[in-house]
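These notes concern the structure reproduced below.
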Amino acid sequence: ARMGLPALALLLAAGLLHVQASPLARSFELDYEEDCFRKDGVPFRYISGSIHYARVPRPAWRDRLLKMYMSGLSAVQVYVPWNYHEPQPGVYDFAGDRDVEAFLDLTAELGLLVILRPGPYICAEWEMGGLPSWLLWKPDIVLRSSDPAYLAAVDSWLHVLLPKIKPRLYQHGGNIISVQVENEYGSYYACDHGYLRHLLGSFRALLGSEVLLFTTDSTRAEELRCGTLQGLYATIDFGPGSNVTEAFGAQRWVEPKGPLVNSEYYTGWLDYWGEAHASTSLVHVARGLEDMLQLGASVNMQVVSWYMFHGGTNFAYWSGADFKDQYKPVTTSYDYDAPLSEAGDPTEKLFAIRMVISKFQPLPAGPMPPATPKYAYGRVALQKHADLLDALDVLCPSGPIQSRFPLTFEAIKQAHGFVVYRTQLPRDVLEPTMLGAPPHSICDRGYVMLQKEYRGTLERDGQTTVHVMGRAGDTLDVLLENMGRISFGANISDFKGLLGNLSLDSSPLSNWLIYPLDIDAAVQQGWPHAALPKSSRRGRAGPAFYTGTFETPGITWDTFVKFPGWSKGQLWINGFNLGRYWPRRGPQQTLFVPGSVLHAGRPNNITVLELEGAPSTPLLLFLDQPLFNRTLGHST
């Protein structure tokens, strides 16, 4: 018999209600009565650790995640750096190492839940806190605010990213249990609750009403006032040495009921160039964790007023900077003295944490995966290929931009790396004369050359003058290096390049040729190994490229490169940009080379851009362990 439409509608509605009320329906939510999370209706406590897929080569993702799982973690916390995926407005990259969907799917395969932190601002000591530098193409934009230009860019990005996230939410069969909105917004000067409300509306519209959204801030009352918003569950962050009861008391000030959550438990500290290598006592870390677990708190392992469980590496130009009375660039290594080392090796700290976790919940069956194998490939001799100024036709094929006065990186749409500023001496300079820059106008280091001879280095918050001599019409070049945009605080609108004009004995210079360099594109296309060396009568001082090759003994294991006698520069192997080296400044003395970058059975091509001065016998030394110096000189 045919059923009438009203009766059918009633049955369908009853069935739908039954499904929604069924204990089989997936849910992750807050329980304000019992002060806990509930997963599928059952009280739930997670222990999680931070890992940044952008700092770990894709072939190593499984190894790192498996070690985190075997440590007893039930979840991982994951940032999404906007600028890693949208290098130009409307141009998106989710391939290879940037395939965040593949990373999230791998976490699910390994049985890990995910706490996602998609920003749009993330900090993380990442270049510009994850915000794209092209936002600064509009010089007066107010970042992390209700500025319409900023919100338009944010909305455009969220409409690309969040639809990739929604099917992976726990409620939809995935493993993402919660999503953070912004990051430590209370520490930012703007204190714009209209901006937070806008983000809340966007996240709800794109992810739905069921997903748990939250914020993270420090325990300071002012930061909790500016960084929290009704509709976003407020969590806090603090590290070893904090009074756990007092810290969670701060959370209770904004969230009187609900679970206690430390979203960033600092297991270490970051390194800055020119400061001692940071370390944090494993005893303090383990004791603090045990104190929190005894309180019943959810705990997310992290390093310093930052995380991590596994830090990884700031490859290429992705390291950020802080500003604490002066500009403080972050090292290439993001080891952070974390439980898993930069190379992904279990440390004593990891086993101490694992022991604490085992007191509160059973550990996964089976042994901890071992450290990845390392190999000391030994010495590799290099030879000078060309001075940088002799390769401008390759590094800047479009030619220079002409301008009466210097233009910033942002004004010429250069995101990272290096730009050459060229002019001529306007008159004879027969006595040593001061070439100088206004305060705070060198962002971040300027390598000065007159008639292609290196004369010295200008530095942000450091030396801002050099003395020169020459004839009218002599060519003056300044190679400007971007050392990473500030990632935290009020100064994240961190413009790069020459922000003011250089002066010769107080007379401003003018009529500049500006060369935006794309070194990475040239190296990835086979330069300089596919080109003949350029003859040079000049010595080893100043910016120049060096090349060499080596073969592996049939294996491609992880390794570390040491730079004996080198000053400062950038390293590529087989076209992969391994980041900045700076042994003169320290503390980092080696760069991590993942085995996945190397070739077996054919030569590995090394390209070095040395900026200040190579050793008389240019060579690299490949080791099976990293080196950090603890007694530092501050020479450039």
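The backbone N, Cα and C atoms fix where each Cβ goes, glycine too.
Heads up, TrEMBL stuff is auto-annotated, nobody curated it.
TrEMBL lists 1-21 with the feature signal peptide.
Confidence across the domain 'Glycoside hydrolase 35 catalytic' (37-359), taken as the mean pLDDT and rounded to a whole number, stands at 94. The feature domain 'Glycoside hydrolase 35 catalytic' is assigned by TrEMBL to 37-359.
The active site, proton donor annotation in TrEMBL covers GLU184. The local packing around GLU184 (active site, proton donor), expressed as other Cβ atoms within 10 Å of its Cβ over all shown chains, amounts to 23.
If you draw a 10 Å sphere around the CB of GLU264 (active site, nucleophile), it holds 27 other CB atoms from the protein chains shown. Feature annotation from TrEMBL assigns active site, nucleophile to GLU264.
Under the heading domain 'Beta-galactosidase 1-like first all-beta', TrEMBL lists 406-518. Using DSSP to sort the residues of the domain 'Beta-galactosidase 1-like first all-beta' (406-518) gives these counts of helix, strand and coil: 0 helix, 56 strand, 57 coil.
The annotation domain 'Beta-galactosidase galactose-binding' is assigned in TrEMBL to 543-602.
On a Cα basis, GLU184 (active site, proton donor) lies 11 Å away from GLU264 (active site, nucleophile). For the domain 'Beta-galactosidase galactose-binding' (543-602), the DSSP counts in helix, strand and coil order read 3 helix, 28 strand, 29 coil.
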